[in-house]
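A short write-up of the structure that comes next.
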Amino acid sequence: MLLENATYQWCYNAIYILTAYLGVLMALSSEIKKDILLQNKLSNYLGLLPVILLTLITGFRAYDVGTDTGNYYFLLWMQKPELNFSSEFLFQLIALLLQHFDLNYTYFLSLVSIIFFYFIYKALKNYSLLYQANLLMALFAFMSFFFFSSMSINVIRQGVSLAILLYAFTLLLKKDNKIKIIIYSVVAVAFHLTSIIPILVGALSYYLSTKSGKLIYFLVLLYFSVILLAFLNIGFLNIAPSLSQLLGSDGRSSYLNGETYDYVVGFKPQFVVFNTFFLLIALYIRKNLREIELKKQYNVILIYYIIASWLLFLAFQLPFSDRWGLFSWVVIPFLIIPLFYSPYLKAKIRIHYILMLILIYVGFKFYAS
């Protein structure tokens, strides 16, 4: 039996409450008993529980749960998908393979769900290990943000692509095999071509992180300058002709014009406040990191976040600016992972960060309703 929208939302909220309950218990134990190492070790096992449950409810959702769910049912199952290896082809390839074995659309949704949550879990686990932080709390942080569920049901291809890129990004920070990193990056692009943007931003961030640490402050100054430009309605539309030529005449160029869509465009103060709030938290974390090598790694992801936020602000003129926002939002859980009882962060009481995430989740629920 497939989960209708109301049932899916109920299950998602129930999983969130369960994860929040476990997170608060772990935080209380870490604060009172000071058994941080034990709690962080337990989180590696308990973290699997919400991942498995989320994978199941997302894979067995009804075909009208999420915008892209119904769209891809029509494009990939009601019509014959065409395989074009010169562009994003992996969704079509997966659909054709499943149809070859006479498997229905639920198998497709389940497989995509497994891929998405597997790479999110692996990325968070890799990054949590770098800081010896609490993995379950890192997963809880991701679940607390409005874009997490959307990545798995509303913008499926972009969600899967970014999940794979996040994993590749953690491999880069771990100084893993470069060939492996390149392969995962290519796979991400094969799911969604716009992943070229975070790949380029990530490469630039890695390069800039090797320069003086004071560069961060200059980038922050530019961050607020870009906000001013966005407020004055200066952004991508001012350079749209040249970008449209690069994107070609297909649907991707519609990201750069305001035609035929009912999206509200213009300066979005709520996004500015949201991104700036977590930028300030990230700067606090960077200042209080004890380990020099970890601070260098943190600089990479912080610089990426700053530059990706520029792109979001410059995209306020455009429809789909929330999709540009995903490029910065997906790294927020990684930015705040050191808060989850990493021994490398100079901080005492930290349970209030868990409570903050709960308030954010509840706040977005009220905002959406």
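Including glycine, each Cβ sits where the backbone N, Cα and C put it.
Automatic, uncurated: that is what TrEMBL annotation is.
The structure displayed is predicted, hence computed values, not measured ones.
Below 8 angstroms of C-beta separation, residues 36, 39, 42-43, 46, 49-50, 53-54, 57, 134, 136-137, 139-140, 143-144, 149, 341, 350-351, 354-355, 358, 361 of the same chain, each at least six residues beyond the ends of the transmembrane segment (12-30), sit close to that stretch. Taken from TrEMBL, the feature transmembrane segment applies to 12-30 (among others).
Taken from TrEMBL, the feature transmembrane segment covers 42-63 (among others).
Under the heading transmembrane segment, TrEMBL lists 105-124 (among others).
The annotation transmembrane segment is assigned in TrEMBL to 130-148 (among others).
Per TrEMBL, the feature transmembrane segment maps to 179-208 (among others). Tertiary neighbourhood of the transmembrane segment (179-208): same-chain residues 87-91, 157-158, 160-162, 164-165, 167-169, 171-172, 215, 219, 252, 255, 300-301, 303-304, 307-308, 311, 323, 327, selected by CB-CB distance under 8 Å and a gap of 6+ residues from either end.
Among residues of the same chain six or more beyond the transmembrane segment (215-243), those with a C-beta under 8 A of the stretch's C-beta atoms are 208, 253, 256-258, 266-267, 272, 276, 279, 283, 286, 299, 302-303, 306-307, 309-310, 313-318. According to TrEMBL, the feature transmembrane segment maps to 215-243 (among others).
If you look up TrEMBL, you'll see 263-285 (among others) marked as transmembrane segment.
Annotated transmembrane segment per TrEMBL: 297-318 (among others), in sequence order.
Marked as transmembrane segment by TrEMBL: 324-344 (among others).
TrEMBL lists 351-368 (among others) with the feature transmembrane segment. Here the transmembrane segment (351-368) has Cβ contacts under 8 Å with residues 16, 20, 23-24, 27-28, 30-31, 137, 140-141, 143-146, 336, 339-340 of the same chain, all six or more residues outside its ends.
Per-stretch counts of Cβ pairs under 8 Å to the transmembrane segment (130-148) identify 324-344 as the leading one among 42-63, 105-124, 263-285, 297-318, 324-344.
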